[in-house]
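Lifted from TrEMBL, the feature list:
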type: TRANSMEM; residues: A:20-41; note: transmembrane segment
type: TRANSMEM; residues: A:53-73; note: transmembrane segment
type: TRANSMEM; residues: A:80-97; note: transmembrane segment
type: TRANSMEM; residues: A:103-122; note: transmembrane segment
type: TRANSMEM; residues: A:129-146; note: transmembrane segment
type: TRANSMEM; residues: A:166-195; note: transmembrane segment
type: TRANSMEM; residues: A:226-243; note: transmembrane segment
type: TRANSMEM; residues: A:249-268; note: transmembrane segment
type: TRANSMEM; residues: A:280-299; note: transmembrane segment
type: TRANSMEM; residues: A:305-324; note: transmembrane segment
Amino acid sequence: MSAATPDTALPLRFRRSRLLLRDAGIGVALLALVAFFALAAPDFLSGTNMSNILTQITINLILATGMTFAILIGGIDLSVGAVMALCAVVAGTVMKLDALPEVVAVGLGIAASLGVGIAAGALNGFVSAFWGVPSFIVTLGMLNVARGLALEVTNARTIYDFPDSFIAFGTASLFGLPVMFLLALALLALGWVVLTRTVFGRMIYAIGNNEEAVRLSGHRPFDTKVLAFAVTGACVGIAAIVYVTRLSIANPILGVGFELNAIAAVIIGGTSLSGGRGSLVGTLLGAIIIGVLGNGLILMGVTDFIRQIITGLVIILAVVLDSYRARLSRSLG
Amino acid sequence: MDRRSFVIAGFGAGMLAAFPGFARAAGGTPKIGLVMKSLANEFFKDMQEGAVAYAKKRGGFELIPVGIQSETDIDGQIAAVENLLTRGVDAIVIAPADSRALLPPVARAVKSGVKVINIDVAFDPESMKKRGVDIAFVGPDNRAGAKMSGEVLAQALGRGGKVVIVEGNPGAENATQRKLGYQDAITAGGLTLIDSRTAHWETEEANSVFTDMLTAHPDIQGVMAANDSMALGIVKAIQARGKTGAIKVVSFDDIPAVKPLLESGALLATVDQFGSQLAADGIDEALKEIGGQNLTGWIKTELKLVKGKGAA
């Protein structure tokens with residue numbers, strides 16, 4: 001057993017330092033990127049631009065936080081972009097109900113978004129765990145179901161004109177930082193506590209490492225799996241609200257391809273695509289790297305097509321470097 | 001089904017596909033197939049609903065509308081055309097997902113006697129010549145429309161005004177035409193184009209991309225957006241920077257969501273291309289062809305400049 005899971009066999013102090021080493025590697029990459037853009041684009045380091053980057057990465061950071069749970073447990077969620085659109089249009093429809101007082105309508109809309117997200121996530125987890133089918137294909141199906149439902153609910157129309165009191169949150173700032181980013185950061189911190197300090201969190205890592213071993217030791221992975229995907233869904237519901245409050249619209253075609261950015265942030269952040277290894281600190285750094293890259297290249301005046309090529313190359317580079325880091329930490333062990 | 005009847009059924013289906021005229025002779029009222037792009041797009045959804053309503057009102061023909069999954073689902077659209085031929089339609093009205101890739105099945109339809117009317121995005125003239133067909137195009141002049149919208153901005157800013165363009169999907173014909181139209185307005189009005197980038201027709205991406213353009217070029221005075229969805233994100237970015245009114249925006253499409261922006265002056269102008277009537281117009285032309293007329297060239301449809309409160 002201990003040979004199969006060397007991580008847990010090591011003293012705690014050792015494990016920590018190796019995790020730190022892993023995150024430090026991504027941190028160095030981020031610092032190098034920031035230093036490069038600071039030299040190449042004069043406005044990059046300005047306070048306004050820093051604040052813009054934080055706003056721009058907020059939605060991806062929330063989605064990536066949820067995605068980390070799905071990937072750590074050995075799964076993946078391809079439905080987050082489509083489910084986000086469904087959450088947004090359901091929330092938007094509820095918020096526009098004239099029969100309700102404004103505050104109640106907004107509150108119910110937020111609750112509905114969370115509810116739809118959690119329900120979709122739990123359903124993903126349930127189908128995948130109960131019938132033992134890969135979450136890759138279950139969530140691919142959910143992607144189509146959610147997108148279709150979102151179109152059906154709205155008849156393909158854009159919902160607009162939301163209460164000002166709700167829209168104000170989208171662009172509000174606190175201590176010079178965007179409120180929505182602080183919310184995303186708080187969510188990430190909460191997720192970090194859950195993953196590192198609770199039984200549920202330890203079970204996620206254990207299942208991601210070796211599901212069979214968890215089963216043989218007398219635990220049922222089923223509940224943990226459903227719950228992990230429900231957490232992914234809850235994050236999607238929150239991201240949808242952030243979208244609506246920031247852009248004041250909800251349409252059924254929003255969020256196309258967002259799942260890919262979220263997965264990229266998680267993987268660049270050093271979480272293993274096969275599960276069991278990684279952290280939310282890495283995900284935070286991964287999301288920042290993607291955001292800084294997109295922003296910095298525009299500021300430098302790099303054209304659209306070249307920007308796309310560079311972003312792709314950085315993702316490939318990140319996973320290649322990660323394979324070296326994994327080898328290094330194994331040899332240290 | 002045993003093997004023998006399977007072969008016979010297959011043969012029968014093959015005959016129908018090979019000789020659509022054979023299947024057609026059976027019906028009384030003409031059948032018109034309407035091949036749309038993605039119905040997830042508000043614009044095409046409106047267009048299809050307009051066509052269905054028109055078919056009900058006008059009567060005298062059967063309308064078979066088909067859509068595809070996404071804007072770029074070229075294979076899906078080719079299959080849709082082939083299915084319509086199997087069903088023995090008399091005419092096809094098509095908004096092609098690609099101006100070249102759809103030509104082979106469509107040219108085959110023309111040669112087998114099916115009338116074809118092209119709407120929304122025109123087939124490539126060279127490819128048509130190579131296939132020996134000349135299909136009539138019914139649609140708006142996107143380039144002329146964008147020029148009208150861009151000229152409102154040019155008038156508001158005066159010569160030397162600094163502007164950026166936020167483009168649609170690279171490679172999409174209407175995105176290309178609108179960019180050309182905006183460039184026409186820039187040249188005619190003596191504006192200075194600082195930067196031009198795509199935001200893939202999308203609100204959130206337009207918000208981020210324009211925010212970054214504004215950081216790189218704080219002296220931007222005007223924006224030309226290739227569609228209204230992106231204009232929504234751009235206006236939000238301008239508000240967030242506290243530059244409402246200082247930076248002027250024009251756009252294209254006239255979706256309901258931009259009405260408040262036109263009223264508040266946050267959006268200077270947009271263009272209505274009467275998308276809901278476009279398919280119905282195409283059906284009219286198809287009926288003319290079924291009636292014996294032979295149509296070719298570009299039958300231009302109406303475009304209307306919609307000005308907001310802020311425009312002169």
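Yeah, the Cβs are placed from backbone N, Cα and C, and that goes for glycine too.
Keep in mind that TrEMBL annotations are predicted by a computer and have not been checked by a curator.
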Within this structure, do the transmembrane segment (A:20-41) and the transmembrane segment (A:80-97) have 3 or more Cβ pairs under 8 angstroms, counting pairs 6 or more apart in sequence?
no
Tell me if the transmembrane segment (A:53-73) touches the transmembrane segment (A:166-195). I count contact as 3 or more CB pairs below 8 A, with pairs 6 or more residues apart.
yes
Check for me, if you would, whether the transmembrane segment (A:280-299) reaches the transmembrane segment (A:53-73) - at least 3 Cβ pairs under 8 Å, residues 6 or more apart in sequence.
yes
Could you pull out which residues elsewhere in the chain have a CB under 8 Å from any CB of the transmembrane segment (A:20-41), counting only those six or more residues past its ends?
268-270, 279, 281-282, 285-286, 288-289, 292-293, 296, 299-300, 318, 321, 325, 328-329
Ranking A:103-122, A:129-146, A:226-243, A:305-324 by Cβ pairs under 8 Å to the transmembrane segment (A:53-73), which is first?
A:226-243
Cβ pairs under 8 Å only, please: of the recorded stretches A:129-146, A:226-243, A:305-324, which one is richest in them relative to the transmembrane segment (A:249-268)?
A:305-324
What else in the chain is close to the transmembrane segment (A:305-324), if you only count residues 6 or more beyond its ends and a Cβ gap under 8 Å?
25-26, 29, 264, 267-268, 270, 286, 289-290, 293-294, 297-298
What parts of the chain pack near the transmembrane segment (A:129-146), using Cβ distances under 8 Å and only residues at least 6 beyond its ends?
70, 75-79, 81-83, 85-86, 120, 123, 221-222, 225-226, 229, 259
